[in-house]
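These features come from TrEMBL:
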BINDING   K16, T175, D176  ATP binding site
BINDING   S56, D143, N155  substrate binding site
DOMAIN    283-366  domain 'PUA'
Amino acid sequence: MNKRPQLRQARRLVVKIGSALLTNDGRGLDEAALGQWVDQMAGLIADGVELVVVSSGAVAVGMSRLGWSRRPDQLHELQAAAAVGQMGLVQSWEAQFKRHGIHTAQILLTHDDLSDRKRYLNGRSTLRALLDVGVVPIVNENDTVVTDEIRFGDNDTLAALVTNLVEADGLIILTDQLGLFDKDPRRHADATLVTECRASDRTLDAMASGGAGVLGRGGMQTKLRAARLAARSGAFTVIAGGRIEAVLARLRQGEVVGTLLLPEQGREAARKQWIAGHLQTRGTLTLDAGAVRVLCRGGRSLLPVGVKAVAGRFRRGEMVSCVDESGREVARGLVNYDADEARAIAGRSSDRIAEVLGYVSDEEMIHRDNLVIL
Ligand SMILES: Nc1ncnc2c1ncn2[C@@H]1O[C@H](COP(=O)(O)OP(=O)(O)O)[C@@H](O)[C@H]1O
Ligand SMILES: N[C@@H](CCC(=O)OP(=O)(O)O)C(=O)O
């Protein structure tokens, strides 16, 4: 069955697993279930998919390790529980992936990390480096330092931001319900499952207005918001039941499981809109004819060697305009070096960056993923 080609074709996926599922409704970490998801994830990886896992559950696992039966109201107690629980969480992910000979990495992020452009680029480079060497990043919110997020639970949003960050094709949110229903199925026995919809469809808002489960915090509202955020970088979102037999494998085969929420536009168009519309340019790089040719062919990064001149004052992560020698703008992108550094390495081959600057943060002046050809 291949009703959903998006899933079959996906090359990079983010899978988010909520607290209610991971902790089997609060009874400690559900190792058996975690092991089964990892088996399925290993199957996806063997099928050529790059995978990022966003795992909730630190607070719930910490509570169970500390013998607390009631979720604390005090923020610092929640943070203490999360710090204890995060250990157990990553230990389990690591042990389960190890059975398949797959390495994992712990990534703890806050929303602020992703709104600061410099940290955004650094996070992105690290995640990309991990995926390049076949490691599965296990992401959670950095609960020790966040404030509101840990109270309200927002790993759905975090997962969507990670989807944007790594430019994943899709986000799979596994939860304790079979998907998004037209009303809260915990309260309405006649609720029916939505199988497919545009993420932007406003009629979904009323459906997702019910609250969260006992352990989870976000409910369907944050999942819907996450789908809309993911759609901004052209990614689809699936909300599906994590306890469905072989759920990830079946989704991968294109089977209609859970709710598929589709973006308005594809990845390339979404990226162009984001780069073109959301950021001011801070400087200009003048490219030689060879670099212009290479960039215009598409799919290539801009290397320092192709840059003839650098104008303006900009920092790593800011937007610069790329012009040809006649001053015509040919591209825009997020630059990997501060203006002074860019000036120092302009015209040089990438293997000389270390010699000139004393370090290399990236081989490219602008990575192709952060570049839009005009
Ligand atoms: N329209 C809806 N469809 C499905 N679930 C809904 C809906 N409205 C509210 N919910 C509630 O959302 C809960 C899932 O969210 P949450 O508890 O935050 O889970 P997670 O821990 O997986 O993030 C469900 O258990 C359900 O009670
Ligand atoms: N960082 C928190 C996440 C809380 C959260 O968002 O939970 P959920 O709504 O179950 O995904 C934790 O690990 O407990």
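We number each residue from 1, going along the chain as drawn.
Including glycine, each Cβ sits where the backbone N, Cα and C put it.
Predicted automatically and left uncurated, TrEMBL annotations should be read as such.
Values in this document were obtained by computation on a predicted structure and should not be read as measured data.
Structure with TrEMBL features highlighted.
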| residue | record | CB count, 10 Å |
| --- | --- | --- |
| K16 | ATP binding site | 28 |
| S56 | substrate binding site | 30 |
| D143 | substrate binding site | 23 |
| N155 | substrate binding site | 27 |
| T175 | ATP binding site | 27 |
| D176 | ATP binding site | 19 |
Sequence-ordered binding-site residues from S56, D143, N155, T175, D176 with Cβ under 6 Å of an atom of ligand 2:
S56, D143, N155
Distance from K16 (ATP binding site) back to N155 (substrate binding site), taken between C-alpha atoms, in Å
8
If you measure from the Cα of D143 (substrate binding site), which of the binding-site residues K16, T175, D176 is the nearest?
K16
Cβ under 6 Å from ligand 1: which of the binding-site residues K16, D143, N155, T175, D176 qualify?
T175, D176
Between T175 (ATP binding site) and S56 (substrate binding site), what C-alpha distance do you get in Å?
11
